[in-house]
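Novice: Sharing a structure, written as structure tokens. Questions coming.
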Amino acid sequence: MATGSGAAAAAADAEEKESGSRMITLTSNEGKAFVVTEASARQSATIRSMVDDGGCVDKGFPLPNVDSKTLARVIQYCDEHGNKEAHTVDERAALAKFDKDFIAELDADKAFLYDVTMAANYLHIQGLFALTTQCIADTIKGKTPEEIRTAFGIEYDLTAQDEEEIKEEDTHA
Amino acid sequence: MEATASMLQARDWSSLPTDVLVLILERMRWSTHPSVVLVCQQWRSAVSLSPFYPAWITPLLLNTADIGTANIRYYSPYYDKNFEVDDTLKRLFGIELTFTIEIASSIRNNSGEWEDWKLAENHLDWSKWEVIAVYDPCRHDEGFKILDKLNSFGFKGEDSYLLESNQGELMVVLIERYGKMVHVVKLNEQRMEWEKPAAKACADGQSFGQGMASRPQLTRAATHGFGELVTYKQFMGLRSVGESRAQPGCAIDSNAIWCRSPPWRRRCSLPYLNCRHVPPRARCPVL
């Protein structure tokens with residue numbers, strides 16, 4: 001450890017940063033504050049880069065695009081992946097189990113799945129985004145357009161002309 | 001819905017940003033795209049942004065039509081499937097190998113319409129890349145036999161195609177990344193080793209530009225006595241190495257290997273080999 005008076009604080013700060021033991025406050029769009037470990041927050045590339053740029057760690061990070069319910073769920077994922085080790089086979093299996101249960105719950109609530117997907121995209125949480133988009137892809141697979149619309153509650157907005165164009169693209173030869 | 005009006009707006013799946021949709025599309029095979037196009041305006045626009053290879057320029061054929069068999073087979077990157085057309089039997093096979101080998105067939109009825117796909121019974125776990133499956137139509141009931149020691153090619157192929165020569169030899173065509181190099185090896189079943197076949201069948205060492213062709217000895221397989229089952233013995237496998245997203249860059253016909261580089265979006269200069277034999281708008285099996 002550095003002993004110089006000026007460098008001491010910086011070194012301690014660096015060490016803390018290194019270990020990820022600092023706490024970071026994330027604020028939802030409803031103004032609710034969530035305090036998480038830095039290791040957890042660093043799952044988000046968006047927050048990671050802000051922290052590394054020396055951003056407002058103390059003031060916390062307002063997330064105007066994420067509501068409290070979604071943020072709580074996203075943090076649940078980040079805690080699991082940021083705070084836990086994944087070195088041994090067992091640890092990795094535990095994480096995989098967590099992911100499986102996590103996505104199964106979201107899959108059952110498509111509106112929530114949407115919110116979490118958007119949050120993962122906005123916060124650049126790679127693992128979570130991969131998890132949710134794969135879930136969406138799996139839902140789409142093997143379904144007719146009608147079934148896809150039903151699964152996601154999408155209204156049909158294609159015109160007869162659109163359909164004609166699509167058919168044209170399809171049969172062009 | 002307990003959410004506020006703005007949240008409802010935000011949760012409308014038809015307004016999912018196209019950049020997110022494109023990433024979702026990347027997690028699916030091309031065969032899903034035609035369905036996604038028809039979901040809604042937004043999803044349709046995402047498909048148009050996604051790397052895409054239109055069906056109508058797709059048929060990269062695996063063709064033995066000019067060597068005396070009635071069977072025509074081709075691989076469609078668009079549907080990520082092999083199709084086989086037997087004009088005599090009016091039956092079409094789709095072979096799918098993304099996760100497991102699944103074979104579906106469709107029959108053309110008297111009015112010329114293709115009926116719905118029916119799955120054939122053979123299933124094989126294809127999640128391990130280092131296996132090679134042999135299907136022998138004489139022993140149909142036994143299904144696929146798995147040979148070991150496949151991982152000794154000595155070079156790495158991005159895509160690989162399993163073929164059977166007219167002498168009943170199993171051959172693999174491996175295409176390196178971006179179609180840089182094409183290797184052809186055959187299986188010595190006695191020693192369970194891959195060997196370079198003689199002379200012309202080997203195309204390695206050559207750089208493949210656009211439409212560069214070599215001549216593997218891919219000729220007629222014995223078609224006598226096996227009835228319709230022999231049809232997928234001749235060309236059994238496709239792309240046994242790589243990710244589901246890998247893009248096969250080659251088509252193989254009786255005379256040549258045709259090789260191109262991705263991206264598929266680029267219009268191809270391949271000749272449309274016998275496209276006329278392809279049944280129009282044959283529906284793809286959902287496997």
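Every residue, even glycine, has its Cβ placed from backbone N, Cα and C.
So TrEMBL has the following annotated:
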REGION    A:1-22  region 'Disordered'
COMPBIAS  A:1-12  compositional bias 'Low complexity'
DOMAIN    A:23-81  domain 'SKP1 component POZ'
DOMAIN    A:126-171  domain 'SKP1 component dimerisation'
Novice: So what pLDDT does the domain 'SKP1 component POZ' (A:23-81) average out to?
Specialist: 90
Novice: Treating G and I as helix alongside H, and B as strand alongside E, what does DSSP give for the domain 'SKP1 component dimerisation' (A:126-171) in helix, strand and coil?
Specialist: 35 helix, 0 strand, 11 coil
Novice: So, by DSSP, how many helix, strand and coil residues make up the domain 'SKP1 component POZ' (A:23-81)?
Specialist: 26 helix, 12 strand, 21 coil
